[in-house]
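*Asks:* Quick one: structure below, then a few questions.
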Amino acid sequence: MSEYDIAKNDVTYTKLDTIECDIPINEELSWRINKFVNQLRISYSTLEEFVDNFVYELKKGLEAHRKHPNLWIPHECSFKMLDSCIANIPTGQEKGTYYAIDFGGTNFRAVRASLDGKGKIKRDQETYSLKFTGSYSHEKGLLDKHATASQLFDHFAERIKYIMGEFNDLDNKEVKSVGFTFSFPCTSPSINCSILIDWTKGFETGRATNDPVEGRDVCKLMNDAFVRAAIPAKVCCVLNDAVGTLMSCAYQKGRGTPPCYIGIILGTGSNGCYYEPEWKKYKYAGKIINIEFGNFDKDLPTSPIDLVMDWYSANRSRQLFEKMISGAYLGEIVRRFMVNVLQSACSKKMWISDSFNSESGSVVLNDTSKNFEDSRKVAKAAWDMDFTDEQIYVLRKICEAVYNRSAALARGTIAAIAKRIKIIEHSKFTCGVDGSLFVKNAWYCKRLQEHLKVILADKAENLIIIPADDGSGKGAAITAAVIALNADIPQLP
């Protein structure tokens, strides 16, 4: 197939954005690269079908919620379509000091946020690892199946206590409102009650103990931990990072920017939320719907390696879509494709699972250094191997193909949600995007933003995508402010 034919039929290929890598490649290696890269290409027709399937699945999820609110039945819809229970959006005029716990990956943050009432926030925060906590000997730290719920939430409480002490907030008898970003699938009967359905991203805390997290209210677990540690704080809202992104964008977007109706996460995990115009019809208490789209499974353009990845994962046959687009998996997809292309030329470390992470892939994609020194450094660090020029070429082409596919599916997701909202037909609105894949990877960000017009055509100008400023941390604190102030806040229409 000629380069013209590829560009015409493949939405993941654009000559302008293809990595420039002027290294001569022998014919056999070139054939092997194309053999595997072709498994990752997505045609325009495939992406259009993906968007249609996604829109249809959204409608199925809404209908399922109308029949049985807060009960997810997987065979009815792959989306959980959860109620955020958030009825109001911030105006940018909220003031005060609020705290947030941001938990959605292997690290978590304790956040102190001061809102100035003019759409600006001063944030102080501490970041902590949950995998390498010295007090526990579990293989995966506090994310291990042998770690208990009490151990995990006591750790959160102690970190909040520390940052409150740094600002003398422990001496104040006033109970501080805390927003809790808990970025895992939950059912929420109310804004301050959120029951974990199941762990994702390979986390397993409590599964092998009598003190699990799954099936329990994480808000109560957190408040009980505050009581045990004698901390003057109380969780007033639980949300996920996607909802937090929407709330953060709404508060900080600035005057003149259209309203924010979509929040998207593209980081360690992936998810989205949106304003549902017909929320009453489908029996939602809130107007922002948490989609939980990682489990989407309708005619996905999978490769053989995706199926192998799924087979060896902790949650086999679940979250397949997330495994194709999220940062938690992209590095491992790159590694497996590299092993298939290089075969006997691989170092011993290249055969080790998860030895190459998504951050390293981002370095490769954004590498403009002389002789691609940055790419060589991350390859050496990951695999203890000095790459030849040809091998660097392979690495760059594989990274491009893997991340291209992720960006194509992500923009298909955004386009599908925009079509569901229908506001795009007649007016402008904003989509806030957070997560390291988008915010910290300029190459990926460009791919995502430039090509929405492929799907939305002349309506693309009505959708404004902006990077969210710490949706999961600031967004939780902003939501806590909205609830705690109990002000007369304009509601979404």
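Yeah, the Cβs are placed from backbone N, Cα and C, and that goes for glycine too.
Here Swiss-Prot flags Asp102, Phe103, Gly104, Gly105, Thr106, Asn107 as ATP binding site. Taken from Swiss-Prot, the feature domain 'Hexokinase' covers 27-481. Among the features that Swiss-Prot reports, region 'Hexokinase small subdomain' is placed at 91-239, with the record citing sequence analysis. Swiss-Prot lists 177-203 with the feature region 'Glucose-binding'. Positions annotated as region 'Hexokinase large subdomain' by Swiss-Prot: 240-470.
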*Asks:* Under an 8 Å Cβ to Cβ limit, what residues of the same chain, 6 or more beyond the ends of the region 'Glucose-binding' (177-203), are close to it?
*Replies:* 70-72, 80, 82-86, 98-105, 143, 160, 213-220, 222, 233-242, 244, 265, 268-269, 271, 285-286, 292, 294, 313-315, 318-319, 322, 328, 472-473, 475-481, 483-484
*Asks:* Near Asp102 (ATP binding site), which residues of its chain come within a Cβ-Cβ distance under 8 Å, counting only those 6 or more away in sequence?
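*Replies:* Those within reach of Asp102 (ATP binding site), by Cβ under 8 Å and sequence separation of 6 or more, are Phe108, Arg109, Val111, Thr181, Asp241, Gly244, Ser472, Gly473, Ala476.
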*Asks:* Just jot down the residues in the same chain as Gly104 (ATP binding site), at least 6 apart in sequence, with C-beta under 8 A of its C-beta; none if empty.
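*Replies:* Listed in sequence order, they are Thr181, Phe182, Ser183, Phe184, Asn240, Asp241, Ile265, Gly267, Thr268, Gly269, Ser472.
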*Asks:* What does the DSSP secondary structure composition of the region 'Hexokinase small subdomain' (91-239) look like, as residue counts for helix, strand and coil?
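*Replies:* Helix, strand, coil within the region 'Hexokinase small subdomain' (91-239): 32 helix, 52 strand, 65 coil.
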*Asks:* Out of Thr106, Asn107, which of the binding-site residues is least crowded by other Cβ atoms within 10 Å?
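*Replies:* Least crowded of the binding-site residues Thr106, Asn107, by Cβ count within 10 Å, is Asn107.
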*Asks:* For Phe103 (ATP binding site), which residues of its chain lie six or more apart in sequence with Cβ-Cβ distance below 8 Å?
*Replies:* Phe156, Phe180, Thr181, Phe182, Ser183
